[in-house]
Every structure is written in C-alpha cells, then in structure tokens.
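Taken straight from Swiss-Prot:
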MOTIF     28-31  motif 'Nuclear localization signal'
MOD_RES   32  phosphoserine
MOTIF     47-52  motif 'Nuclear localization signal'
REGION    157-184  region 'Disordered'
COMPBIAS  172-184  compositional bias 'Polar residues'
MOD_RES   332  phosphoserine
MOD_RES   343  phosphoserine
REGION    394-558  region 'Protease'
ACT_SITE  477  active site
ACT_SITE  494  active site
ACT_SITE  547  active site, nucleophile
C-alpha cells in the first residue's frame, strides 16, 4: 500500500516540477550571529545511508505542498522547534519560528534522489561564524542555487570598509552569482509589535563593528593625549639647549612664542594641535608675559633687548679672580702667565679709564647716618603740602619729594628743580655753560609758536651758551633734547628708544626765530643737524617708572661732558641722592 501511494505521489511531483508563479514570500528569521551557515560542503565526510521513514514522511508533505500550490490552495508548513530531516544522511537544522512559504523549501529539502548537504560554520571566539553564507548542492538536473546570508563577518573576504566608515560587500571571485550587501538582501522586516512598514534589519555584527570602531577611536584619543603630556623633555644643564628642544617639541603640536632678551619669534602650525601643556623655563616665561601689564611689559622687552649694551662696562672690567690667582702663583715660578694677565688688565684699564672710574665712584657712594635720616623723614609720613625746599622760584613739598620713591613717576616740580641745580653747578669753573628750559616750554612752543615763548629768554642769550637742555613730556613719558651750540647739532635722548625728529625740527626752527630776533641774523640750517640717539648708544630703562630719572641723569652726565655710563640698577641710589640734593639744594 505504501509503495502504491509513493508511486502516485511521485507522479504528481514530476508533473509539478516547474517554477511556482509569483514572487517568493519573505523569510522571517530571528537569528543570532552564531547561526550562520558554512560555505563549504564536503561530501566525503558523511557516508551515504539508506532512506528512513522520516525522510519518506517529509517527501509526502512536500508533495502535498506542491499539489496545493498547483491548484492555488493556501498552505503553510510551519516547522516545529529544531525540526531535523535526514535525507541520505544529511541533517538540516532550522530555528524555531521560521516560515517557509514558497517553492524554495522544496528545492532545499529535496526528494529521495537528491543529496543536499549543509554544514554549520565554525564559531569564532567572539561568537561570529567564520562562514557567512550557505551553499546547497543538488545531484539532480536542477541548477545550483545559493541562499544569500544576511550578515558578514569581519574575516569575510566580501567585507570591506570605505574611508567614510560605511560597509559594503564585494562579489566573491569564486562564486558565479553576485552577492548583495546586507542592507539590500532584506528590504522589509515585519515588526513583532505590529510594525508599521519598512525598516532596516537589526544586525548583531553591525553593532560589534560600531563598538569596535568607537573603541579604536577612544584608544587613538588616549594615545594622542599621552603623547601630548609625555612629550616634555627632562631639564638639561644648558638653558639654550633646553629651549631648543622645547621649541622642536612645540612645533609639532601647536603654535609657540619664544621671547629671549626682547627678541620675539612666532611659529605658525596647524590649528588642530594648537594648545599643548609644556614644562620648563619657556612656560614660565610665557606666563610672565601673559599676566604682565601692557606698558610695563613693552618697556621690559625694550630694556631686555639692550641689556647687553648697558653691561658692556662690566664685561670690560678686570677679572679680580684672575688677578688673585696670578698673585697666588708667584711662588710657583709662573712669571710668564702673571705678566700676560697683568698686561691684559692694564690694557683694559687703559681702554676704559674714565667710564670705570665714574661708575665705581657712583657705586661706592655711601650715605651717612644723618643723610639716611633726612631722606627717610622726607619720604615718610607727613602733610603732603609741607614745603621741604624752596629755591629758583620753585617750592618743593613733601608730596613732590615722595615722587622720588622707588617705582614712582617724577613730576614737573622735581625735574625743573633738578635742572636748575644743574645750571647752578655749571657756573663753576670746569663745566660747560648751560641753560635749561622748563618742562612747560616745549608744550607752549608747540601750541603757540615762537611768539608764545618769546619772553622766556628775556634775560638770557642762548647763543652765548654751550649747551641748552629741553625736557620733553610726551603724554606719560619723559625725554630730553640737548642743543649743542658748539657742534651745531640737536640730540634727542629717549630711555625707551623712541625717535624725536619732529621735536628736533620744531626746536631748530625756534633757534632760527630766536637768532633773527636777538641777533638779526639767520642761522645756516645746512650747518645744523639733528639726531635721535639710538637705543644701543644710551642706557635704556627696564621698567615703566624711571623715565623721569633717566631724563635727569642724561642731563647730569651731559652737563659734565661725561659719557653716559649709568645703568638701570643704579636708579634706587640716584633717587635717594636726588632727595638729599633737593633738600640741600646742592648736587653731590
């Protein structure tokens, strides 16, 4: 009876062996990355076995399904959890919940004369199968069919990554069919919650790739941070070499400014590595420049630029250590070395005798106890309007004297009083004839012209003088113009290195008008010159408060026809001396 039924069903099956009309239905699958099938089929591994009863029952079900499809009756074959069919010794495993609604199941689960071989892919340690697709081999005259997989592993040859981070698949050169990407393999997915249409399928492999990418990016950022923090070099003995190493380091990470004795160098580098932590002297130098005041910082830079010029005299001073060592070697018979060193000292003293002598006298000046008390009392507390000195039609109050404290700006009264002291000293023998204008002279001349200051020289003939001093006040800065009538030149001296060509031209025109008025003669302007002293020719201030002191000391040295050899570090001493000189109306 069973044989007759099998023959009938076989006849019906042969009549139905043709493609089913219509498109294939959807496959609803819920599988993890560990249930991917293998691409390789090895027929030698499994020996052939005789058909069993369960294979026959499965063939009957397939025949009924094909018959129902032929006559148009709706029919569904729902597999139970883990349904296994053995046909010629091959075992097919399908997850629970899978629905097969087209003729592909007939081709997949073939009849007794077929041999379909499925092999599960080996699982990798991360739970992802190494084989992303399944291949079904049919021994009958049916063409080979390939069931595309719905996921790719990172080890798959068909998996590639674009520079933008998106994934796409390439065709396998060994396969005759073209594989489609995962996004295109499934175009629809029915939601379990009564989904509302089309959405992109969820893929565990994709989540793993995204996590892997995020992890790589996080590690890259950590490496960049570690490279930025760990790029500092240990301090070396040489300061210049350490600065050079730090400069090379900062060139690769951002922009860097180096300020060395007033010279400023800026390196521009890509903006994305702009800010980097550094250690060492360069960082402290930058922080000092960042938080310093604007004016004081500018003056400090200018002063540092010419610090070497102010210390030239110190470099030329005889080395006392050499002299002491030479004397200690007298008993050792090194007379030749001693003679050479003594000759060097003599040459240095011959080259700069007056400069060294003047500087030493200034530095070796000592105040007595009485002088110290007078100076401290004048600079101490008291009524600011109290008059402490009166001469030259000027009155100096306690408030005026207190401008001589360290880091205070001098006012007009103190500067005018000191200029008059210089004029009084010039009346002594051995000093050049000197005249000094008030600090209000130049502003009046500039605003009102010659007629506004015509009477300022009523009792003085400027052309009988040898030197004429004109203090200049430019907003918040003091400078000096020296008219040397002997050399027919005007010199502008500025402790900040500024130029005063326009000021010299105005004063030269004043001399021309003065000559016409007092002597009825014109000056030969071709014989006169004016010149702004360059910063390396005169001492420069290193702060923002000693411009008035520099102006007074310029006038002091020039009125004695002495070279200007003082430096910034002598300003506290000069301030104390000026207090005593104004109180006693006498220059020391």
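Cβ atoms are placed via backbone N, Cα and C, with glycine included.
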Cβ-Cβ distance under 8 Å to residue 494 (active site), same chain, at least six residues away: 477, 479, 480, 500, 532, 533
Active-site residues listed as 477, 547, least Cβ neighbours within 10 Å: 477
DSSP state at residue 494 (active site), helix/strand/coil: coil
